[in-house]
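**Q** Straight out of TrEMBL:
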- A:34-218: domain 'BPL/LPL catalytic' (DOMAIN)
- A:79, A:80, A:81, A:82, A:83, A:84, A:85, A:86, A:147, A:148, A:149, A:160, A:161, A:162: substrate binding site (BINDING)
- A:144: site 'Lowers pKa of active site Cys' (SITE)
- A:178: active site, acyl-thioester intermediate (ACT_SITE)
């Protein structure tokens, strides 16, 4: 009989990007050492632009000082993917899990993250699909509703997914989102006719299919107050 | 050097089509996809291979690894002269919006880097054991190779790993 695996789900409010990065690094180290369970962080960021390992600055259409003037931060990261925006009303999940224990590689993991966001978007009656080759993410028509950017170090994941509940989409005008020209971004609020619950509910609606898809037997919920 | 092809990868052929929803991915009990290995190479549990020839060891990632990664779009490699401990991360590959660290199977000093991978990172997918080689090192301690897996053990390791879910 297969041993039941537990997922620890830590819920935060708005967390500064740099603080979340430091927390993830610590958790990755703890997970590599086998000191903690597989964990998923659930949070939102203040207005933040991030670039991936490839450092494709040309996808940023304004200067760094302009970004500061509009109250946004810019961070360079080691995750996959190109450029994106994070902000309030965008649900972030950062799973810190061992892919070797699950028994999958990067491709299947990312497909699983896409499935998580597809499942949640479908709850609201929206016709959603994963991206074609080279367009990883979750789409409604040719508008992106969910993005993925992951780092895998010795089989342990960090970074993760960003799902647009109802962020201010104007922030995306200052970048070429995910480096893909001629495609737009959208949000659950824009695409659904249904009423939306509190963001916290939608965060839980993302965590539950995550646990199911990656075959966790149960979820240990942890509410972390302020970070 | 014998090249053993166990079976062609069937993952793509078995990928199930969808119309907006996905079958829970780990509920698919698809038949095992056998990736190729090369006799005479040594292998790590993190899916790197080593070809030791005299004073140089060539290092790359295996067919199993490239299949599980997806199409590689970017490779980050060290400079010649860099030194790594056994198990240390010497670079990374990016595929499907995921960067995966690559670990050095043995300790050593980098003497050559495959710069073709900058222009053509997909060589890792098309030819993981030949044109997709990543670095060549001068081994710091050749006895470290003894603790790595041979092709039979590595094949068994991959089968067990894929069967785990």
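Cβ atoms here come from the backbone N, Cα and C positions, even for glycine.
Predicted automatically and left uncurated, TrEMBL annotations should be read as such.
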**Q** Max Cα distance spanning A:79, A:80, A:81, A:82, A:83, A:84, A:85, A:86, A:147, A:148, A:149, A:160, A:161, A:162 (substrate binders), Å?
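**A** So the binding residues stretch over 15 Å, Cα to Cα.
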**Q** Residue A:79 (substrate binding site) has how many other Cβ neighbours within 10 Å of its own Cβ?
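**A** Residue A:79 (substrate binding site) is surrounded by 23 other Cβ atoms within 10 Å.
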**Q** Using a Cβ cut-off of under 8 Å to chain B, which of the recorded positions A:79, A:81, A:83, A:85, A:144, A:149 qualify?
**A** A:79, A:81, A:149
**Q** Indicate whether residue A:85 (substrate binding site) is helix, strand or coil by DSSP.
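**A** In the DSSP reduction, residue A:85 (substrate binding site) maps to strand.
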**Q** List every residue in the same chain as residue A:149 (substrate binding site), at least 6 positions away in sequence, whose Cβ is under 8 Å from its Cβ.
**A** A:50, A:52, A:77, A:79, A:80, A:81, A:84, A:159, A:160, A:162
**Q** Calculate the distance in Å between the alpha carbons (Cα) of residue A:85 (substrate binding site) and residue A:144 (site 'Lowers pKa of active site Cys'), and round it to a whole number.
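**A** Between the alpha carbons of residue A:85 (substrate binding site) and residue A:144 (site 'Lowers pKa of active site Cys') there are 12 Å.
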